[in-house]
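Submitted below is the structure of interest, expressed as structure tokens.
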Amino acid sequence: MSAVVLVGAQWGDEGKGKITDFLAEKANCVVRYQGGSNAGHTVEVSQEKFMLHLIPSGILYPETLCVIGNGVVVDMGKLIEEIDGLQKRGIDTSNLRISLRSPVVMPYHKRIDELEDRHTRIGTTKRGIGPAYADKINRIGFRMGDILTGGECFRERFKAQIEYKNRIMEEIYQEDGFDYQQMLNEVLGQAEQLKKYLADTSYLVYTAIKEGKKVLFEGAQGTLLDIDHGTYPYVTSSHPIAGGACVGTGIGPTNISKVLGVAKAYTTRVGEGPFPTELNDFQGEILRDKGQEYGTTTGRPRRCGWLDTVILRYAVRINGLTDFAITKLDVLDSFSTIKICVAYRYKGQLLTEFPNNIAILDDCEPEYIELPGWQEDISAASSIEDLPLNARAYVAKIEELTGVKAAIIAVGPKRKQTIVNSPLFT
């Protein structure tokens, strides 16, 4: 059995797409287990960049089964656009499968998300993700299978839901409502286009694992954005953590063999919320510019700061990480001195564990250690021995502070710019 869960160990944008793409070459099956079109993965292959939002990064390998699990909320229009975009570039999408249980992001979810964000200022992507998950929990949402097999029952439920959403639009937001027939036609048309991809994906993935195939579970966002274990309320509406892989695909935890945490060699965050190691100076600008820290989905500039190992230790605990993949080590090439946060200082007290309260986190000051930089280009390194001594010492310090080995080190965006210290798939 070889089933690996890949999770973001920070606030998302850790480079999961690149690592997933790299591992997918050896995987028989790649599975997305949560999130929606709010996620953004950039994969660079042969001088081409592919920006994926819903489709697993393994789609670039023609022999790899790619699964969108039941934990993913599906914007059918965006998914069709993504499929069409890949096909126009010569990518075969026939190996894609979508769970019949996947909740659907309706047009009204996106409009309500946009209106609600004006008041909450949580900094959502306005893709309708939160409202879609809310309807799922309230048991008033629609699944992919409902639309195609529901018939008159679906139409009646959908009409009632439009009437309900229209009351919300008119009475709460003082906005015009939605046209039932127009939206019904749109939704049914999109579902028909995706019909050939629908399947009982839990059974497909379970069978693949039992047959000894290599399965990679691909998370979106990151540990600190988890709805329960992240910096609430500045979080996403799903479970990016390793436990979410089981719930979001219908696979039991005993089927998982390894959990890989992807972490940048520094830290970034998008949107609102506390960020203890944030750099609001020229060093932060260097990280942003060299790391091209702009959101794949929104284009928003990311907030940048030094590596925070308090966060990483928290990710180790929450996810049960067995290995790390350290990405964008090359972004630190120009620094003469590099800082690592090892603890927080809160009202005179030293905190080595991540606080549960964001009000406390917001008042925390980082406690740093300093390491000498290497100040040379490492983008051509293909083994740990190729790295300068100071770069190796930096990685070793991360391993020491977290108690987890770095199985993978990325020194650039391309597949070949990846150092493997220990194989993930056996």
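Quick reminder: no glycine exception, Cβ is built from N, Cα and C everywhere.
The GTP binding site annotation in Swiss-Prot covers 12-18, 40-42, Arg302, 328-330, 410-412, and the record cites sequence analysis as its basis. Residues or ranges marked as Mg(2+) binding site by Swiss-Prot: Asp13, Gly40. Among the features that Swiss-Prot reports, IMP binding site is placed at Asp13, Glu14, Gly15, Lys16, Asn38, Ala39, Gly40, His41, Thr125, Arg139, Gln221, Thr236, Arg300, with the record citing sequence analysis. Summarising the annotation, Swiss-Prot assigns active site, proton acceptor to Asp13. Summarising the annotation, Swiss-Prot assigns active site, proton donor to His41 and lists sequence analysis as the type of evidence. Among the features that Swiss-Prot reports, substrate binding site is placed at Thr296, Thr297, Thr298, Gly299, Arg300, Pro301, Arg302, with the record citing sequence analysis.
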Please name which of the recorded positions listed here, Asp13, Asn38, His41, Gln221, Val411, is nearest in space to Arg302 (substrate binding site), Cα against Cα.
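Nearest candidate: Asp13.
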Per 10 Å Cβ neighbour count, which of the binding-site residues Asn38, Thr42, Thr125, Gln221, Thr298 ranks highest?
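Within the set of binding-site residues, the most crowded position is Gln221.
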If we count other C-beta atoms within 10 Å, could you say which of the recorded positions His41, Arg300 has the fewest?
Arg300
How many whole Å apart are the CA atoms of Thr42 (GTP binding site) and Thr298 (substrate binding site)?
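Pair distance, Cα basis, whole Å: 13 Å.
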Fewest neighbouring Cβ atoms within 10 Å: which of the binding-site residues Gly12, Gly15, Gly40, Gly299, Pro301?
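Selected from the binding-site residues Gly12, Gly15, Gly40, Gly299, Pro301 on minimum Cβ neighbours within 10 Å: Gly299.
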Quick one: of Asp13, Gly15, Gly40, Val411, which binding-site residues lie within 10 angstroms of Thr298 (substrate binding site), measuring between C-alpha atoms? Sequence order, please.
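So the list is Gly40.
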For the IMP binding site, please report the maximum Cα-Cα distance among Asp13, Glu14, Gly15, Lys16, Asn38, Ala39, Gly40, His41, Thr125, Arg139, Gln221, Thr236, Arg300 in Å.
34
Cα-Cα separation of His41 (active site, proton donor) and Gln221 (IMP binding site), in Å?
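Rounded to the nearest whole number, the Cα-Cα distance is 10 Å.
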So what sits near Val411 (GTP binding site) in its own chain, CB-to-CB under 8 Å and at least six residues off in sequence?
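The list for Val411 (GTP binding site) reads Leu329, Asp330, Ile378, Ser379, Ala380, Ala381, Leu387, Gln417, Thr418, Ile419, given in order along the sequence.
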Determine, using Cα-Cα distances only, which of these binding-site residues is closest to Lys18 (GTP binding site): Asn38, Thr125, Gln221, Gly299.
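Out of the listed candidates, the nearest Cα belongs to Gln221.
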Which one is closest to Gln221 (IMP binding site) in space, judged by CA to CA distance, out of the binding-site residues Gly12, Asp13, Gly299, Pro301?
Gly12
